[in-house]
Structure formats: C-alpha cells, structure tokens
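Trainee: The structure is given below, and queries will be raised subsequently.
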Amino acid sequence: MMAGYVLLLTVPFFILYAGECAIGDTNRTSALEEARLQRENLVRKYLKRLKKEEGALKLVGGRGDYEGNVEIFHAGKWGAICDDEWDQSEAEVVCRQLGFPGHVKPTHTGHFGRAKRKFWMDNLWCGGKEPELADCHFDGWGTNDCEAGEAAGVICKQHETAPAVATVKPIPSEMTVRKERVGRRLELRLVGGRVEGEGRVEVRIVDAEGDAGAWGSVCGDGWGLLEGNVACRQLGLGYANNAVQTDFFSSEAETAEAQLPQRVLLSGTECYGNESTLADCLHDPIGLDGAVRCSEQRGHVAAVTCVPVMADLVFDHVEMEQSLHLEDRLMYLLQCAMEENCLATQAYEIQRDNPNWHLETRRLLKFTARVVNMGTADFRPHIPKHLWEWHLCHMHYHSMEVFATFDVIDRQGRRVAEGHKASFCLEDNQCLPGVEPRYACANYGDQGISINCSDIYRHNIDCQWVDISELDVGEYTLRVAINPEFKVPEMRFDNNAATCRLLYTESYARVFDCKLERP
C-alpha cells in the first residue's frame, strides 16, 4: 500500500517539472498553481479508489464522483443506505468523509437509481460533525425494512479544479446544467394497469400548433409521491396511493398499446406537489435530439396508483405556540430517550467520556404536537403490523420510523439543533363530536388516525422536544414537519410543516409568526 502512495505522489511532480521547462519563467507562478491543483485532485481521486476498508464510502449512479447513491463497505461487502431520517446532517458527513468541501443536498427515494445491493444501514442519525458515517447512530448493520427504491444519496460540493490540459479530463458541460420545465404542454396517460387509475406513466409533448409527438415513458429517477400526486391530479383520478419506480406494469404485453416503443421522454422529475400538470415540474434537460438521461436502461420507469379518497394531516401550530417551554433535566432520567437517539450528539459524547454523566443536565425545548386528519380516508402507517418494532425501554411499538422532525435553524439557514419523533403510538386521542375513535395502541391495537380525529403527542412524552443544551440565546427559526419523508400518501403535503420564529433567552423561549408549509 505504501508503494502505491509513493507512485501517486511522484507522478504529479514529474508533470510539474515538465510544465516548468515548457512554459518558461514568465508563467512559472501559474504553472506551479496548476500543477498543485492537479496533484491534489489526482491524490484525492486515487486514495478514494484504494480505500476499500471497513466504513469506506462510495457514490454510485451519478454523473460524476461528486454525486450518487451512497454505498458503505462493511464485512467485506458494499451495501446501500436507506433514506429513512436521511437529511443534511448525514449528507454533510458523507461528503466530508469522501474529501469534498461540503454537501449541496441529500437525495431520497433512489434519486440516482434503485439500490442494487443489500441495505447495510437504516434510520441513520448524525449530528453532522462525525468523522465518518459509521460513527453515527443507526439500527445496526443489515437491520432494515427498506425497499430498493429507498436508496439514500448525496450531491456534494465540487473542488476547485485546474484549467483543462492534456493530462486532465474535462468535466462534461451537462453535469452543471440545472433542471428546467418542459415549456410545452404535456399529455399524460397510464398504461399497463390492471384497473383504471394505475399503470406506468407515459407522456407526449404537444407543440404550439397542437401537434402531438409520440408517447414515451418517464424515467424513475426521483419519482415519488409528490410527483405521483401531480400525475393523478392532471388525470383527474384523485390522489397517489403509491408512486413507484418499476417495470411491473410493462409485463402486460398482450395489447397493442402496451407494445408501443418505450422511448424515455422525461427524467429526474422534481415536483413541489401543488403543480397542476407534470409540465409545471422540473425535469432534467432534454437534449437537442430529444434524448434524456436515465440511471438505468431497463425496467426503471415511473408508475402510479391513484385513488379517489386520501388522508390529509394538518399540524396544529397554535397548540405548539401555547405549550412550548424550557425544561432542564438530568441525563439519569433521559436514558430511555437516549436509546432512541432523542438527544444531541454532545450528550452521547458526555456519556462516553464522563463517568458521572448521569448527573449532567440537558436543556430541552418541549412542546405539544397535535396532528389532525382533515382528509377523506384514515391515515395508516405504511409498515405492516407484523413488522412493527417493539421498544422494551418504553414498552411500546414503533409503527413508523419517523413521524415528525423538529429543527432549529439559525439566521444563516444552518440547522443548529434537531429532534425527531418515531410514531410509537398513532391513535385517536381526540375526535370531533359524533366521531367515534377507532385506533388505540393498548394491547397491540391497530394504529392510525381516523377522519376528523387528532393524534396528540403531549410535551411530557419522551422525545417530544429539541435538545438545545449547546445553543446560544438569540433568535432562530423552529421548523416542525409531520410525515417529513413522504412515506405515507396524503392529499397534499404543503400543510404538513410549521415554520415559526423562535425567541430563546436564558429564562424562557417562545414561538410566534408560524406558517404552514411543505416539509
């Protein structure tokens, strides 16, 4: 291994010497800087190739080494990472471990293609400062309940590169092109379904004169419930109950329609969720020849199942404003909560390094979270009942890995404190007059939220807080999001999050000016 390092470090110096002789003294400074950048990039590139050790990372499926689905090396094999609880903190750790200066954004739902390997990690929770991803909290190697379409990925910030010369491969220009709207009308249809309202999504472009082109498929890259909802809305078929990346609906080949040429017309579809048509969403650019890029050539097409009724959760920000308060609590009383990763990273460092850790206190920003189902169908966990996880410490089942997230954000837009809530108990705590509650968690009962009923996490329940022990006093933004990963279908998602101003002083805290938004 050492010989390999010597080789990598000596090759760039040869380039440096040759370059100096060729360009002369007048350009000596620029040549030195150019060679230095080349040397750094070459060493960084080949060190990442050689590093095949426990906990090593790589990105797959992207357009360059700076983006892709994340894979981690464990027990001699590469494996995928599930996108449950995957956000900016985890993306930051990944990009820094890979040698990049930071992250641009995390990606979800197999944005760079379906996972092709076993999932090694699920429910990752990082503070953002860990040296390696394996140092973060997670459920255990290989423990997961994830499907191939739930691969986690990242887009990292790129390094400054030297000017392109003969020894440096230029970066393709398409890598820097941003997503855009189609700019023309799109017609939509579902093909291959067993009943009306399901099938793979096909589109065709209609020009200004009203002439329609040939039908083509939609690449599954980035396809999820947000995009499925827009498709169902455009077709007048209600709401997306499932939005998947699959070739399941392509196997029905008896009809002439199902055998139409499967040219990919759209890829990388990205919707906010409230658009009227898929044409209003962002997509990867379409080439001059009409070609688009798809991470997989076969079977990776967008499909959807539409239904006429659907749940719709709304977060009660007024209840949060009225109940929010501070509490200092001994870590001795927080041991169960620590098992569920409900405290800041610093708390676990104290537990590891201080023999009297149980006598230390943590400052908690506590509040009640009331969630109302205002839809036309019950809200149910997406995990089947037999897969619910029993937590011995609190003596309850988890029916959803992440039901809510709580983030404190500073004025620069950086997340400086966070919390999360696993839905160990989704039940009808309060219903409108005349509505009978149907869901109760006692005795392994069914979990869910009925129409016109509320599930209430009161402020005195473990994990219904944000650990702000290391936070300086000042003004911040508090953001609470329900069903933040869009794992359970809803009518709409732009009322699932509340963004509020947070005033934090040495003696009290309060939130105000709350607005409902999308997670």
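The count begins at 1 with the first shown residue.
For all residues, glycine too, the Cβ spot is worked out from N, Cα and C.
Note that the structure is a prediction, hence the values are computed from the model and not measured.
Okay, these came from TrEMBL:
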type: SIGNAL; residues: 1-21; note: signal peptide
type: DOMAIN; residues: 57-157; note: domain 'SRCR'
type: DISULFID; residues: Cys82-Cys146; note: disulfide bond
type: DISULFID; residues: Cys95-Cys156; note: disulfide bond
type: DISULFID; residues: Cys126-Cys136; note: disulfide bond
type: DOMAIN; residues: 188-307; note: domain 'SRCR'
type: DISULFID; residues: Cys271-Cys281; note: disulfide bond
Trainee: Counting Cβ atoms within 10 Å across all protein chains shown, which of the disulfide-bonded residues Cys82, Cys136 comes out on top?
Mentor: Cys82
Trainee: Considering every residue in the domain 'SRCR' (188-307), what is the mean pLDDT value?
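Mentor: Computed over the domain 'SRCR' (188-307), the mean pLDDT is 83 on the 0 to 100 scale.
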Trainee: Tell me which of the disulfide-bonded residues Cys95, Cys126, Cys156 ends up closest to Cys146 (disulfide bond) in space, Cα to Cα.
Mentor: Cys126
Trainee: List the residues of the same chain that sit at least 6 positions away from Cys281 (disulfide bond) in sequence and have their Cβ under 8 Å from its Cβ, in sequence order, or write 'none'.
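Mentor: Non-local contacts for Cys281 (disulfide bond): Arg181, Glu227, Val230, Thr269, Glu270, Cys271, Tyr272, Glu275.
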Trainee: How many Å lie between the Cα of Cys156 (disulfide bond) and the Cα of Cys126 (disulfide bond)?
Mentor: 17
Trainee: With Cβ-Cβ distance below 8 Å and at least 6 positions apart along the chain, what are the contacts of Cys126 (disulfide bond)? List them in sequence order.
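Mentor: Correct list: Ser89, Glu90, Glu92, Val93, Leu133, Asp135, Cys136, His137, Thr345.
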Trainee: Relative to the Cβ position of Cys146 (disulfide bond), how many further Cβ atoms are located within 10 Å?
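Mentor: Its Cβ shell of radius 10 Å holds 20 other Cβ atoms.
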Trainee: Under 8 Å Cβ-Cβ from Cys95 (disulfide bond), six or more apart in the same chain: what's there?
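Mentor: When sequence neighbours closer than 6 are ignored, Cys95 (disulfide bond) has Pro101, Gly102, His103, Val154, Cys156, Lys157 within Cβ distance under 8 Å.
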Trainee: What's the most sparsely packed of the disulfide-bonded residues Cys156, Cys271, counting other C-beta atoms within 10 A?
Mentor: Cys271
Trainee: Using DSSP, break the domain 'SRCR' (188-307) down into helix, strand and coil residues and give each count.
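Mentor: Once the DSSP states are binned, the domain 'SRCR' (188-307) shows 20 helix, 38 strand, 62 coil.
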